[in-house]
Each structure stands twice: as structure tokens, then as C-alpha cells.
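Annotated features in TrEMBL:
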TRANSMEM  48-70  transmembrane segment
DOMAIN    89-222  domain 'SLC41A/MgtE integral membrane'
TRANSMEM  135-155  transmembrane segment
TRANSMEM  161-191  transmembrane segment
TRANSMEM  203-227  transmembrane segment
TRANSMEM  233-256  transmembrane segment
TRANSMEM  268-287  transmembrane segment
TRANSMEM  299-316  transmembrane segment
DOMAIN    304-445  domain 'SLC41A/MgtE integral membrane'
TRANSMEM  360-379  transmembrane segment
TRANSMEM  391-416  transmembrane segment
TRANSMEM  428-451  transmembrane segment
């Protein structure tokens, strides 16, 4: 029986202890590390585009469906009576960036680094990470509801206690169930990609988000409406649900602490996901105020699309850069061209391994969003087309958002690696949260400009 001492590991060490797979520690000599480094096959531009395109389109259809669903459920009683639930929308949907995409990025790196070749290694990694994810989902769900309560109180000047109880129950229950379902899907996608010889960096994170928004939003709406029906007659049901899910926290802690990989993140992985939740909640406050304004009501159907697509694209780039650093550089070491002052041109035209993927991801924005924009109008009945001004405003907001996120990702991932922090666990939560904030703010600005010029958004 192997005895582990998790305190000896750091965030940038291999995700599994070396006793299991017989590779050298990162702290050993470069020669030893190079000898054991797995060789990742070269990737052609054509294969990269194909591997990125299909999950990107699936993810886009998922976010479009989420937007249509949000447009429908905004008229439900719980959304009409407790408008603070709109603040929860970006925060809860953003958990796929905090948890699901981060898990997908970690497992993708593990696959490319050869750490899932053995069945024992694979299941140790999977079980530990899933337990950790359930713990984080429960805690984040509770914190998101408290954040929505505080922001709602600051905006309105009051917050009834039954509203607080409903927000907590809805958020925690949604986060727990959505995290469990999507975690199983991610594990299936990662293992399937490995068997089919597909680079999981290209497919795992967008597939993790493909129907994540739709599943999470459907759960949020159904749980909210269900709990709302109990608020008057059976209010204790809300407290029992919270108590039950919170009582499971010690179980997830015990399971996660038994595995070295998740034990490290159990102690160090909270900062990025909590900070990202706060950032997403600010975006939720913007969305709440925009939806409350009759002149900007049309924004609701487009918000999940611009936020989801931006987060999906930047998560692919972040995962690819992180994998490249894990395979080719020791913690604290970065490529020569990343040691000087940051230049945005290097992100798209540099000599690094991932500038071509940055170009491809940016080029996907315009055609992809055109497809999704027209899909929205077809799903809404197809009787109208988006107006030229709406199309230009929406595409401009999307392009600015993705361009900014790709530049931020390039700088952030290398900075985290230079500071001996694992980008797989830190970068994606920040990037998807910034994507939510940027997307919602830019979309609100675009709709405000359309209202100022008198454009209805359709022809």
C-alpha cells in the first residue's frame, strides 16, 4: 500500500504522484524530465479546425437553446416576483467555467501527459476530481445565492427573508445536480476522445459547455419555480433541501482528500472559483437591470449566447497553452518571447505553439455568431430576420469580447505558470467570468445604442 504525503506536492506537479507511474519529479533534472516526457503528435491546421468546429457548433446550439429557454422562463412566477434570480443566472451558468471546464482542462492535460494510461491512475484521478467538484459546486451555489442577496439588497434597499431562503435552495440544488450530471458527461468525453485519438484539449471544454448552459438553466428555472410553490404552505422544504446538501460536504471532503491530485486543490483551488463567481455576479446585476428596463428587454435571449461562446473559445486556447507549458517547460519557466513586456500581436502572430489556434478561434466568431443569430430567430418563429444594425452590433460586441479574452488568456496563463500556479485550475474560472462580465456589458451597451437610434432589432 502506497502512503502519500500531499504536503510534499505543489500545484504545478503532476496531477498524480510519481509512485504510480514511475516518472521523474518536476524538480529533477531537465534531462530526466525530457526523457520521460510524453510525445504529443503534431497537429495539422485541418485536423485542428475540424476538432474545434464540431464541438463549437454543438456548444453554440446549446447556448442558443439556453437563450430561448431563458426568454420563455422569464415570464414564470418566480422570475416575475423574485427578480434577484436573474443575478444568479450568470453566476450559476458560469460554474461550468469554474468547475466543468476546469475539470475538463485538468483531465485533458492528464491525458496528453500520459497520466490516464493505467486504469488505476485514471480512476484515482476521476473519483478524486468528481468529489472535489461536488464539494465546490455546493459551496459555490451557497455563495452565489448570498452574493445575489447582497447585490439585490444594495440595488433595491430591501430583501425579504423568504426570498433569501428561495435563492439559497434554488442555487445550491441547481449547482449540485448540474455539476453531477455534467461531471459524468465530461469524464465520458475525455475517455472517448482518448480512445478515438482526438486531442481532448480541442473538444473537452466546449463539449463540457455544449449543453451545460441548457441543463443548468432548465434546472435553475424548474427548481426555482418548484421551491416558489412551497414558500407559503411548506417553507420548511427549502431548509431541508439546504441542510441535506450541506450535510454531504464532509463526505466529499473525505473522498477528495484521499487522492493527491484533488487533495492539493482541496486546499488551494478556492481562490479562482470564488473570485470568478463574484465577477459573474456583477455581470448578473447588469443583466438584472437590463431585463428590468423595457427598452432593453430583448437582451435576455442573446446574453447566454455571447457569454457562452466567448467562454467556450477562450477555454480551448487556455487549455492548449496550459498543456504546452506542462509538457515543455518546468514551473516558473516560460518561452523566451513571453519573458518581455506583453504584446497582443504575439498572441495571433507569434512564434509560439498556439498562435494558429488563436487565429482560428478568432476567425470562428463572425461565421459562428451569424449562424447562432439566425438560429435564434428561426427558433422564435422565423417570421422576422435580425435587423442589419442588430447584426452588426451583436457581431462587434462578440468580436471585441473574444479578442480581449484571447489576449488576456495568453498573458494570464503564462503569468500563472511563471508564478508556479497551475493554469488548468486558475485561468479558466477567471477567463469565463470575465467573458460573462464583458459579454453582458458589451451586449447591454449594444442594445442601448440600438434603442437610442430607434432600431427594433428585427425586420
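Heads up, the Cβ atoms here are built off N, Cα and C, so glycines get one too.
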Mind checking which residues of the chain, 6+ beyond the ends of the transmembrane segment (299-316), have their Cβ under 8 Å from one of its Cβ atoms?
52, 56, 59-60, 62-64, 66-68, 70-71, 74, 89-90, 93-94, 96-97, 101, 104-105, 201-202, 205-206, 209, 213, 217, 283, 287, 290-291, 357, 361, 364-365, 368-369, 372-373, 376, 380, 394, 397-398, 401-402, 405-406, 408-409, 428, 431-432, 435-436, 438-440, 442-444, 447
By Cβ distance under 8 Å, which residues at least 6 away from the ends of the transmembrane segment (48-70) in the same chain are close to it?
89, 93, 198-199, 202-203, 206-207, 209-214, 216-218, 221, 300-305, 307-309, 312-313, 316, 356-357, 360-361, 364, 368, 371-372, 375-376, 379-380
Intrachain neighbours beyond the transmembrane segment (268-287), with Cβ under 8 angstroms and 6 or more residues off its ends:
11, 86-91, 93-95, 97-99, 102, 132, 136, 140, 143-144, 147-148, 151, 155, 299-300, 303, 307, 425-427, 429-430, 432-434, 436-437, 439-441, 444
Near the transmembrane segment (233-256), which residues from the same chain, at least 6 beyond its ends, have a CB less than 8 A from one of its CBs?
127-128, 131-132, 134-135, 138-139, 142, 162, 165-166, 168-169, 172-173, 176, 227, 262-263, 265-266
List, by number or range, the same-chain residues at least 6 past the transmembrane segment (428-451) whose CB is under 8 A from its CB atoms?
90, 93-94, 96-98, 101-102, 105, 205, 272-273, 275-277, 279-280, 282-284, 286-287, 290, 295-296, 298-299, 302-303, 306-307, 310-311, 314-315, 318-319, 389-390, 393-394, 396-398, 400-401, 404-405, 408-409, 412, 457
